[in-house]
Amino acid sequence: MTAQSLVVATAPLDLAGSGQPLKDRAFRWMLFAALTVGVVTLAVLIAYVTIKGWPRLNSTLWTNMPSIRRPERAGAQSAITGTLWVISFTAIFALPTGILAALYLEEFARPNSRFQRLVEINIQNLAAVPSIVYGILGLAVFARALALGQSVITAALTLSLLILPIIIISTREALRAVPRNIRDGSLALGATEWQTASRQTLPAAIPGIATGVILSLSRAVGEAAPLLLLGAVTFITFNPTGPLSGYTTLPIQIFNWTKDSREEFQILASATIVLLLVLLLVMNFVAIWIRNRTQKRW
Amino acid sequence: MPEQSIEMQLSSALTDGRSQGISDEISNVVFTLDDLRVFYGDYQAIRGVSLTIAKNEITAFIGPSGCGKSTLLRSFNRMNDLIPGARVEGLLAYHGTDVYGPDVDPIEVRRRIGMVFQKPNVFPKSIYDNVAYGPRVNHIKGNMDDLVEECLTKAALWDEVKDDLKKSAYALSGGQQQRLVIARCIAVRPEVILMDEPCASLDPIATSKIEELMRQLAVEYTIVIVTHNMQQAARVSDRTAFFTAELDEAGVRHGRLIEYGPTRQIFSAPQDKRTEDYISGRFG
Ligand SMILES: Nc1ncnc2c1ncn2[C@@H]1O[C@H](COP(=O)(O)OP(=O)(O)OP(=O)(O)O)[C@@H](O)[C@H]1O
Ligand SMILES: [Mg+2]
């Protein structure tokens, strides 16, 4: 009864609000239009290359080697295996280095020391350096000074430098997302800082690290510019046999074919682009899947 | 249930409590604090604190928010070392050894003096691995399965989890997680357990389980607990220290110890007006 009389006594609430519906709607349309530009571009791109490359989207694409004289029978096998070789070695070089560097910066370096701030600014800047510059560096240091020539190793080392800043930055973010109280709990049990970092913080951050690592590797897979500078333009009709072997990669092969004016090569290039896009999309989806699966653990 | 006054609630908590036979004198000393001061950079969080902590007793730290209870507790096992700029002056002796002495390894200190935090901070691992973690990093030899069972039993959790030891600790309820943290803590065989508001994030039933557990553990361990809950202090503790934050001559706020004694005495016959005001709810 008292509740009822209370309701009667209260003036009706005014929930109408005083927004500007027109402006509001215009803004939402703008946002939607911006989104559409991105999605439509990707869709058109995929549709275009798929239709154009369709005649060659069959198993000869990965069973056959590139050929200059017989475009109708040429394939991209050496580019596929070359990409796998290069990216595997890139991962071998860049992952441990990047993760350990991030672990040091995040868990062991004195926070906000001048050294740490200096390193931080440098890493941010490195992440913004154009990839072609890494090509110049790789050419001078790995190909010439270290005499590694035009090999899988040279390409992998160069691409490692390219993605190292990205791996460090994303790993640091993943480490920072691990709650402080996990570290405190470990240290309070008499664990050393190294035990805490290697047995608690790092394992807890692995999903986040994996996401960053896959995205950075997919960036390396798609890079052509630095490799072109390293001299990877020649026609390679064999699969790499070791780290010092010559190589070609998918972006390089696509570049070579699109330079050729013959229609068959244009079709072949489109088919190979589809292959490359599928590889990159799969990598990105795996990264997103890992991220979503492990979201909100704390 | 009829509304009880705070005084009545407290006095019934006291009669239930365990502080009946506690005398003023402490014969078996674990910690001696003499003029202990704790700083965060230039800011002095705690003014000289002097007190002794008795073996196999439960000592409660109470006082308003910001008076430095957590700060003081973290200085017992050198967890303050991990906060940049934190510094301790004065004496904090553990069985006569200065915890901040030059030859003392903080890792060794933390192994002997365990800690339970306000929010249950289980590791993102299985229940089993949570308990086994401490012994593993400390290279404690022996049968791990037995040790895990023993610790979970002591923490009154074994019956609830014995079939799910491989399950993630995150699957447990908040109260179970906090008992897991206690099991994890006793697995390294400490002598002292520090607890910083261990029930602050738990419901009343989980809280009473933890309180019951604390009383059992006090047979074997020395416990220091920070709590905001007066009844809890009255129910579980043998001795109570009341802290407050006060302005000094320069107008800076510092935490300081006001009164320390057997819990029964602090709650039923406080010597200081500020203690009396606080426990009767007129302050803080
Ligand atoms: N890491 C820190 N850096 C600087 N000052 C701190 C830090 N931690 C605590 N303080 C300060 O020290 C004083 C005591 O804090 P403390 O957390 O020990 O209080 P408390 O009694 O535990 O409070 P509560 O009951 O709210 O947990 C406060 O003034 C607080 O602002
Ligand atoms: Mg506190």
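Each residue, glycine too, has its Cβ placed from N, Cα and C.
Here's what TrEMBL has on this protein:
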type: TRANSMEM; residues: A:29-51; note: transmembrane segment
type: DOMAIN; residues: A:80-286; note: domain 'ABC transmembrane type-1'
type: TRANSMEM; residues: A:84-105; note: transmembrane segment
type: TRANSMEM; residues: A:126-146; note: transmembrane segment
type: TRANSMEM; residues: A:152-170; note: transmembrane segment
type: TRANSMEM; residues: A:227-247; note: transmembrane segment
type: TRANSMEM; residues: A:267-290; note: transmembrane segment
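Same-chain residues lying 6+ beyond the ends of the transmembrane segment (A:267-290) with a Cβ under 8 Å from its Cβ atoms: 45-46, 48-50, 52-57, 61-62, 71, 74, 76, 79-80, 83, 207, 210-211, 214-215, 217-218, 221-222, 250-251, 253-254, 257-258. Note on the transmembrane segment (A:126-146): residues 153-155, 157-159, 161-162, 164-166, 169, 223, 225-231 of its chain, located 6 or more positions outside it, place their CB under 8 angstroms from a CB of the stretch. Within the chain carrying the transmembrane segment (A:29-51), a Cβ under 8 angstroms from the stretch's Cβ atoms is held by residues 57, 270-271, 273-274, 277, all 6 or more beyond its ends.
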